[in-house]
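Asks: Here it is, the structure in full.
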Amino acid sequence: MREQAPNGSEIVQLTDPTHQHPQFTPPDIIDQAAAAEQEMISFAASLTSGLVRRDATQCLSDGTCADGSCCNVHGTCGYGPDNCGVGNCTGSTCEATAMCGKYSKDGKVKCGMNLCCSATGWCGTSELYCVNGDPVHNTLPCQDGFGSCEVKKGRTCGLGSGSSKGRTIGYYQGSNTRDRWCNNIFPSDIVSDGYTHLYYAFASIDPTSYSITPATAADVPLYTEFTALKSRGLQTWIAVGGFDFSDPSPNPTHETWSTVCSSSQNRAAFIKSLVDFMSKYGFQGVDLDWEYPVAPERGGHEDDTKNFVLLVQEMRAAFGTKYGISLTLAPDYWYLRYFDAKAMESSVDFFGFMAYDLHGPWDINQKTITPVVRGQSDIREIANDTLPLWFDELDPSKINFGVALYGRGFTLSDPSCNTLGCPFSGASKAGPCTHQEGAMGLSEINDLIKKKNLTPRFLPDALMMEVTWDDQWIGYDDESTIARKKSWADDQCFGGTMAWSVDFNSGAGNGLTPNATTDGTCGVGQGHTICGDWPGGNCCSPGGWCGYSDAHCGSGCQSGDCVKGGETTDGTCGSTNNNMLCGGWAAGGCCSQEGFCGSTPAHCGEGCQSGCTTIIGGTTTVIGGTTTGSSTTTITTLVGGTTSTRTSTITTVIGGKTTTFTSTFVTVVGGTTSTRTSVVPLITGGTTSVIGGSTTTNNPGSTTVPGGVIETGFPTVTNGRCAGRDCTNGKCTGKSRSLCPLLELGTPTDRDRISLRQSRLHRK
């Protein structure tokens with residue numbers, strides 16, 4: 001698919017090969033708010049779901065509430081007049097409505113999946129929600145009529161029951177044959193032993209005709225190779241949708257699921273096309289992967305819940321028993337609440353519960369969670385995340401328990417602290433084949449363990465494995481922990497398991513090491529070759545050329561000795577662009593969640609990765625360094641007349657070039673004129689000393705200083721020099737890794753202007 005940068009230019013989007021897209025999955029807000037309230041909370045306790053934790057929470061340090069509720073004068077989050085009423089609410093969310101109950105939208109919202117609605121409007125599963133939030137005085141009873149008011153438990157079948165052996169489903173990513181740098185697995189390479197179903201991920205939906213289409217033309221020849229695997233004991237199905245399918249605009253399919261379900265005519269067109277598609281290519285069933293209904297950021301609308309039920313019911317009526325139907329369920333209640341799974345249960349063959357991707361490097365950008373190592377498939381969290389399934393009284397025999405055939409990892413802040421609960425600074429280094437920071441396929445992990453002679457450790461409480469080396473940590477599941485999780489699933493009476501994805505664990509394929517270039521070209525579009533020992537340098541530029549200048553090793557560098565950190569040269573930044581900072585980039589110093597530099601709220605607001613400094617009083621002093629210019633701010637306020645005007649003019653002078661931004665705001669109040677002007681020098685180099693505050697975030701390039709103000713300058717390169725060495729014809733003398741403003745002589749500049757996005761590690 002295509003993605004559009006904030007400046008409107010189009011970029012090539014490489015998708016992430018794991019099942020979900022957790023970077024955009026909301027945090028478990030109730031749990032994290034509770035953790036914020038209870039400052040001295042054990043790490044193990046912090047892993048339990050908010051669905052069973054305390055109800056009332058404290059406001060965060062910035063005066064907001066983790067769940068978007070109202071912060072009152074007593075510093076407590078909640079809904080209703082005591083929190084949101086005039087004179088009580090102190091924040092900017094005083095119009096917030098509760099998740100459920102009398103303080104919800106129009107006072108009519110019930111808890112999805114039949115969870116209990118607490119007295120103050122949160123959905124949960126414990127006695128604090130289902131009985132009384134104030135067990136001492138009994139003043140906060142469960143709100144009857146908005147869900148259950150009874151704690152419900154699932155069935156127990158016993159650890160050795162074998163219930164989960166009824167089905168074993170494996171997803172297969174056809175895109176791995178194109179996107180992966182090595183270990184490419186074609187359908188004929190799949191190790192299918194033990195599987196009862198294989199799902200090809202993913203087909204797409206035309207946003208205009210609502211017909212099923214291949215995600216790309218390259219999938220078509222793989223379909224018949226895939227369906228040829230079916231046998232008496234193995235079915236081959238097509239999975240439709242996936243996480244990327246519902247990505248925000250300008251993605252043309254952002255709202256397609258919702259539109260398909262919205263009318264009987266659209267549903268009929270979809271169903272007819274789906275039948276034709278399965279018949280043409282030999283698929284025996286379909287997995288509906290809508291991520292997620294109702295959620296507006298995922299293209300959803302309020303009627304999605306009931307319309308999705310209609311779609312599934314009409315599909316079953318059209319299919320009869322000829323084709324199978326399954327659909328995936330979100331692991332987090334934030335999205336799961338919008339599925340009316342009980343109403344769809346009789347129409348589907350089974351559900352798939354995605355019990356993975358619970359944590360990852362994206363945790364560092366969650367303001368309500370401490371950036372410490374947590375497992376992406378910790379059984380303690382999974383146990384709580386499955387509770388809504390039992391409140392909805394779903395038949396566990398129709399649910400497949402999800403397992404991951406890949407691991408997620410972190411770069412540790414302190415290599416000597418290398419297990420769960422230890423601080424991390426970012427994603428782990430990319431593997432050679434998946435080529436994505438923060439994750440590795442199981443084949444890669446096993447190969448890494450062998451080559452580095454590492455000793456994995458079993459985490460008995462989490463039912464996971466961990467492996468560490470240098471400052472790296474990877475948490476994953478292997479055959480032994482998957483067996484233990486299947487035993488746990490047996491005890492919960494799950495009827496099967498599903499794995500994402502078989503191409504991560506089907507042998508070496510075409511090898512576990514990328515091929516080296518023979519002609520100086522490299523990367524995506526060039527067979528995923530690496531530069532290796534190429535004489536011109538081992539950095540692969542964004543456009544696919546080997547070299548060692550900053551144009552090759554800086555922003556967008558695909559492989560080799562890529563610069564980690566430093567200042568961007570092409571406007572890309574952040575975790576998916578070698579942790580580049582925006583620095584003095586003309587468009588702005590904030591790095592957006594998508595990895596682009598700019599100064600708009602989309603860059604500097606929610607999800608901002610760096611350059612997004614929060615100022616909360618106090619001072620910061622820069623010691624040493626060189627002044628390269630100045631920033632002048634003039635604010636004029638007229639108070640006491642009929643008009644109040646606030647004009648902000650920011651002038652930045654660097655290297656003789658002046659850039660000015662002016663904003664004017666006019667309101668009618670009255671008063672006299674007051675003018676304040678400040679001139680702040682921009683400093684290159686030096687060290688920063690914080691006076692009157694302390695840094696509270698680890699966000700690279702971003703600093704929050706309680707009780708202080710911060711002024712930062714970014715290093716600049718002048719006179720075409722590279723760390724004291726000349727830039728001759730755009731080429732740094734020697735193998736310098738500093739900034740050189742020109743491309744290496746002879747490099748096709750159009751190709752090097754392509755920005756390759758590799759932000760996602762999954763296709764769903």
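The backbone N, Cα and C atoms fix where each Cβ goes, and this holds for glycine too.
Pulled these features from TrEMBL for this protein:
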REGION    1-23  region 'Disordered'
DOMAIN    97-151  domain 'Chitin-binding type-1'
DISULFID  CYS111-CYS123  disulfide bond
DISULFID  CYS116-CYS130  disulfide bond
DOMAIN    166-515  domain 'GH18'
DOMAIN    433-539  domain 'C-type lectin'
DOMAIN    519-564  domain 'Chitin-binding type-1'
DISULFID  CYS539-CYS553  disulfide bond
DOMAIN    570-614  domain 'Chitin-binding type-1'
DISULFID  CYS590-CYS604  disulfide bond
DISULFID  CYS608-CYS612  disulfide bond
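In terms of burial and nearby residues, how do these features look in this structure?
Replies: Summarised as a single figure, the pLDDT of the domain 'Chitin-binding type-1' (97-151) averages 95.
Sequence-distant neighbours of CYS111 (disulfide bond) (same chain, 6+ residues apart, CB-CB distance under 8 A): MET99, CYS100, CYS117, CYS123, PHE146, GLY147, SER148, ARG337.
Around the Cβ of CYS130 (disulfide bond), a 10 Å sphere holds 22 further Cβ atoms from the protein chains shown.
In this structure, CYS553 (disulfide bond) is part of a helix by DSSP.
Within the same chain, residues at least 6 positions away in sequence whose Cβ sits under 8 Å from that of CYS590 (disulfide bond) are CYS582, CYS597, GLY598, SER599, THR600, HIS603, CYS604, CYS608, SER610, GLY611, CYS612.
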Asks: Check the DSSP secondary structure of CYS130 (disulfide bond), expressed as helix, strand or coil.
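Replies: The three-state answer is helix.
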Asks: Hey, how far is CYS553 (disulfide bond) from CYS116 (disulfide bond), Cα to Cα, in Å?
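Replies: Answer for this pair: 54 Å between alpha carbons.
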Asks: If you draw a 10 Å sphere on the Cβ of CYS604 (disulfide bond), how many other Cβ atoms land inside?
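Replies: The answer is 19.
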Asks: Do any residues at least six apart in sequence from CYS539 (disulfide bond), in the same chain, have a Cβ closer than 8 Å to its Cβ, and if so which, in order?
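Replies: For CYS539 (disulfide bond), the qualifying residues are CYS531, CYS546, GLY547, TYR548, HIS552, CYS553, CYS557, SER559, GLY560, ASP561, CYS562.
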Asks: Helix, strand, coil residue numbers for the domain 'Chitin-binding type-1' (519-564) per DSSP?
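Replies: Secondary-structure composition of the domain 'Chitin-binding type-1' (519-564): 4 helix, 10 strand, 32 coil.
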Asks: Show which residues of the chain containing CYS116 (disulfide bond), separated from it by at least 6 in sequence, have their CB under 8 Å from its CB.
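Replies: Once residues fewer than 6 apart are set aside, CYS116 (disulfide bond) is near CYS123, GLY124, THR125, TYR129, CYS130, CYS142, GLY147, SER148, CYS149, GLU150, VAL151, PHE391.
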Asks: Quick one: of CYS123, CYS553, CYS608, which of the disulfide-bonded residues has the smallest count of other CB atoms within 10 A?
Replies: CYS608
Asks: State the count of C-beta atoms found within 10 angstroms of the C-beta of CYS612 (disulfide bond), not counting that atom itself.
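Replies: There are 22 such Cβ atoms around CYS612 (disulfide bond).
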